[in-house]
Amino acid sequence: MEGAADQTTKALSELAMDSSTTLNAAESSAGDGAGPRSKNALKKEQKMKQKEEEKRRKDEEKAEKAKQAPKASSQKAVAADDEEMDATQYYENRLKYLAAEKAKGENPYPHKFAVSMSIPKYIETYGSLNNGDHVENAEESLAGRIMSKRSSSSKLFFYDLHGDDFKVQVMADASKSGLDEAEFLKLHSNAKRGDIVGVIGFPGKTKRGELSIFPRSFILLSHCLHMMPRKADNVNAKKPEIWVPGQTRNPEAYVLKDQESRYRQRHLDMILNVEVRQIFRTRAKIISYVRRFLDNKNFLEVETPMMNMIAGGAAARPFVTHHNDLDMRLYMRIAPELYLKQLIVGGLERVYEIGKQFRNEGIDLTHNPEFTTCEFYMAFADYNDLMEMTEVMLSGMVKELTGGYKIKYNANGYDKDPIEIDFTPPFRRIEMIGELEKVAKLNIPKDLASEEANKYLIDACARFDVKCPPPQTTARLLDKLVGEFLEPTCVNPTFIINQPEIMSPLAKWHRSKSGLTERFELFINKHELCNAYTELNDPVVQRQRFADQLKDRQSGDDEAMALDETFCNALEYGLAPTGGWGLGIDRLSMLLTDSLNIKEVLFFPAMRPPQEESAAAQAPLTEEKK
C-alpha cells in the first residue's frame, strides 16, 4: 500500500504541473488572439481530475483487499454445499475448523455471554412495533440455537434463533456489523444450523412485519458438530398448530420421527421436536399441581429409603442389590407404603412422597421398570374420603391444564379418530365382584379363600379363554378376569371398589361386606391410575394376612408380599384410622399429553442396548476384563 501512496503523490504533482502549463498556454493564446478561458473553468477541470485520481486509488485498494481475502463466490458455494456432504465428512470439517480456531489462540467456547432478556420476553416487549420500524437507540442481547439459516447475498444473512420454545429472526447486515465484507462473510460462513450464538443488536421489524434483531455483534458460543436432520420442504403443508395439553398430536409430523433414535438421543429429540419439550413441561405441571394440592391440605412431604432389607408395600418382583460394607442383600423399593404408615404411627397425621419406584417386571406401552408415583396417607380418613379427594384433584388438574374437563386421546392410534375422556365429577363407581358376576354371568363362591372358589375361577378362565399362567392363585385368577371383563369398560374415570381381602393384604376389611375390603382402584382409558384403601391397622390381622401371602409365595407367586416385622411392630403401637392413596404419575402424564407409549413421558426410558453393545455385554469376560 505504500507504493500506491507514492504513486498517488506523484500523480498529484504531475496534475499540478499540467494545470500550470494549461494556465500559461491559455494566457499565451489570449495574446495570440484566441478566445480567453476563465480561471473558474480551469479550477473545475482541475477538481475533476483530482476526483478521478481519488477514485482510481480507491479501486486499487479494493482490488488489493480482494486478492488477500477468499472470493465471496467460493465461500458462498462452501456454505451452500456443506450440508449436502456426507455426515462423517461434515463432522470432520467441523472438528478441523475448531482445531484451526484453537491453533490461532481463539477460544471457540466462550465462558460467558450476558443476556439482557429471554426470547419470549423480547417478543413480548417489541412485538407491537410497526412494520419497518427500527429502534436503533435500544440495545438488547439474546442467545439461542440457530435452527434455520439463509442468505440473500454475502452481505446479508437471516437466522431463526430459538430459545424457551420461541423463535426470533436475526437479520445480520454487513453494513451494521462493524466488520469489513471479508470478515463478515467468514464469521457467518462458519455459523451452522444447531450452533448456539449470542447476538447484541437493536430491535426492529422488517417491512413484511417479521420481528427481528439486527446484530452489531454476533458471537458463536457453542458449536453443533453434527449435521442436524431437517424437515422436508412441503409447499402445501399447513403451518402446525401449537399443541396444548388435552389435545391430540401427531408424532408423524416430527422432524425426527424414528422412535429408537428419539428415545436413545432425547437431547436431539428435544432440539428438533418442540412438542416433546411441551410434553415434559406438562408432566412437570402435573407433579407441581399434585404437590400444591396436598400442601394446601396441610400434608407434609417426606422422603423414605429407596433400598430396603424387605421388598414390601406392594405385590411385585423387586430389583436386588448388595451392600458390600454390610455384606447384606438389599432390595430397591417397590413402594414406600410401609414407611409412610410408620410416620403416621409416629404422629405425622398427613404425609406424602413423590418419588421413584423400581419393579423388575416386563416393559411394555404402560410399564417401565423405573417409574414415578405419589403416595399420601391421611389419619382419620377412609376410602370414601379418598375417592372424593381423587375426584377433586384430578378434575381440577385437568381443568387448570386444559381449560375444561374433557380431553382428546388417540387411544386407537394416531391414524384413527381420537376418543374423548370426560373428567367431570363425580366419577362412575362399580363393585368388583358384583359387576364381574353381572357382566360375565358368574356365580362366584362367597368364601374366596376356599378351594371351591379357586377351582370355580380356574374353570371360568378356561371357559372364556382367559390366560393365567401358574401359579393360579385365586387373587391372580380374579385379576385376570377383571382385566378381561371390567377394565375395558372403564374409559371415562371409573372407580372399581371393594376388592376381596385375598387381593388386598394391606387394606382394611369392609365394614358391612364379608370377605371384601374398603379399597378402590381408579381406571381411565382401561388402565389403572390410582390405588387406595382404608388402611388395615389391626396388627394381629395384618400378621395373618402376611402369613396368607407367604403361602402364595411358597406356591410360586414371587410377587406375593413378604412379612415385614418392623412394620407389624409399629402397628402394635397404634395406627389411627387412616386412608392411604397412590397415583401413577407417568400414566396420568400419558393421558394429558396424548402419549401412547410410556417412553414418551420419560426423559430417559429403559431401552435394550444397541445390538453391538448388547453383543459386547453378553460376550464372556476375558482374563484382562476380569
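Each residue, glycine too, has its Cβ placed from N, Cα and C.
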Say Swiss-Prot lists GLY313, GLU375, TYR377, ASN531, GLU535 as binding substrate: which of GLU337, GLU349, GLU501, GLU565 is in the same site, per that record?
-> GLU337
Between GLU361 (ATP binding site) and GLY313 (substrate binding site), the C-alpha gap once rounded to whole angstrom | 16
Do you know the mean pLDDT across the DNA-binding region (141-217)?
-> 96
Within the chain of ASN368 (ATP binding site), which residues six or more apart in sequence place their C-beta under 8 angstroms from its C-beta?
-> ASP586, ILE598, LYS599, LEU602, PRO605, ALA606
Rounded Cα distance in angstrom between GLU337 (substrate binding site) and ARG587 (ATP binding site) is 20
Which one is closest to GLY313 (substrate binding site) in space, judged by CA to CA distance, out of the binding-site residues ARG359, GLU521, GLU528, LEU529?
-> ARG359
Residues close to substrate site centre defined by GLY313, GLU337, GLU375, TYR377, ASN531, GLU535, Cβ within 8 Å = ALA335, PRO336, LEU338, LEU340, LYS341, LEU506, ALA532, GLY580, TRP581, GLY582
Once near-sequence residues are set aside, which residues in the chain of TYR377 (substrate binding site), 6 or more away, have Cβ atoms under 8 Å from its Cβ?
-> LEU340, LYS341, LEU343, ILE344, ARG350, VAL351, TYR352, GLU535, THR578, GLY579, GLY580, TRP581
If you measure between the CA atoms of GLU528 (Ca(2+) binding site) and ARG587 (ATP binding site) and round to the nearest Å, you get 8
For GLU521 (Ca(2+) binding site), which of these binding-site residues sit within 10 Å, Cα to Cα: ARG359, GLU375, ASN531, ILE585, ARG587?
-> ASN531
